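*Asks:* Handing you a structure now.
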Ligand SMILES: Nc1nc2c(ncn2[C@@H]2O[C@H](COP(=O)(O)OP(=O)(O)OP(=O)(O)O)[C@@H](O)[C@H]2O)c(=O)[nH]1
Ligand SMILES: [Mg+2]
Ligand SMILES: [Zn+2]
């Protein structure tokens, strides 16, 4: 007998004895064990495009997932109609554990995190050498986000037909971040795609950067049979037009990896970043933090890293770079 609307402790005792061997079978067996595995390639207002056994299907989140959402790059379990036929809709019943999560907030004060992509291995930080002007602050911010998420960063400097890469490279030399430089001419003759492709084999790479830097142009060169729309940069403001509006994962033609084109960002908020995870990306400095005071910002008088460098354990340029990156959270992007 149940009194509706009100649960007493007695009720709980009666309906849940929870003795060994007396549990309902459903709580032992994983739910939906007959579900198929899929890979989320794009998300558009609650509709997800999922690749299942080579078929492209449309799916939506099952209610049981609650607030948890699937993003591009997620590995998911799907049930229902998996034919991929027109007007069919499958259900996503589980989001598998993520290997990595790239997050950003709208700005540093904003606690609302959005997940940009899941399960990426590499973050390609795309910066135009001109048109729009490079903004090193954004590069620094993307680097911090990559280190925080455990992604390997790759700098992609586009439009070298318009300006030289020299200045920018000199300030990133000490960080040892791999980079490629591309130009309009090299896009046309396939050289740009070849050069970038060398860095993509066997990995999932997300392309991020300001609007108009040439992310989609590059992805189109890498995956020529899937031409996405590109947009012109406004000649007066020097800004892109936010042509790409949703992230899309595309397989490289030789099957050696995935590239994820993303919408241009105005900023890359780092509210969620934990400095100790950023230091993991600096194995030459990390052991030196042992002598630091608790919760050291690594930019204070008692920081042990100064002594570490003075003692010759690491290059002072590296400490300078680390501090610049950690400090990037304290500054506005235009500074
Ligand atoms: N001169 C020159 N222009 C380029 C190069 N690469 C891309 N562009 C141009 O830059 C403009 C913007 O390119 P998109 O690929 O749409 O830029 P995006 O980064 O995808 O921009 P959003 O989707 O808005 O974030 C287009 O007019 C491209 O033709 C390059 O190497 N040199
Ligand atoms: Mg684009
Ligand atoms: Zn310190």
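Each residue, glycine too, has its Cβ placed from N, Cα and C.
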*Asks:* Can you identify, from 1-33, 34-66, the stretch that TrEMBL calls region 'Disordered'?
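*Replies:* Per TrEMBL, the stretch marked region 'Disordered' is 1-33.
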*Asks:* DSSP helix, strand and coil counts for the domain 'EngC GTPase' (118-266)?
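*Replies:* Counting residues by DSSP class gives 44 helix, 31 strand, 74 coil.
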*Asks:* With GTP as the bound species and 158, 159, 160, 161, 209, 210, 211, 212, 213, 214, 215, 216, 217 as its recorded binding residues, calculate the greatest Cα-Cα distance and give it in Å as a whole number.
*Replies:* 19
*Asks:* Count the Cβ atoms, other than its own, that fall within 10 Å of the Cβ of residue 211 (GTP binding site), considering every protein chain shown.
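*Replies:* The Cβ of residue 211 (GTP binding site) has 19 Cβ neighbours within 10 Å.
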*Asks:* Out of these binding-site residues, 158, 160, 217, which one has the fewest other C-beta atoms within 10 Å of its own C-beta?
*Replies:* 160
*Asks:* Mind running the binding-site residues 160, 211, 213, 217 against ligand 2 and keeping the ones whose CB falls under 6 Å of it?
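*Replies:* Those binding-site residues that pass the cut-off are none, since no Cβ is under 6 Å from ligand 2.
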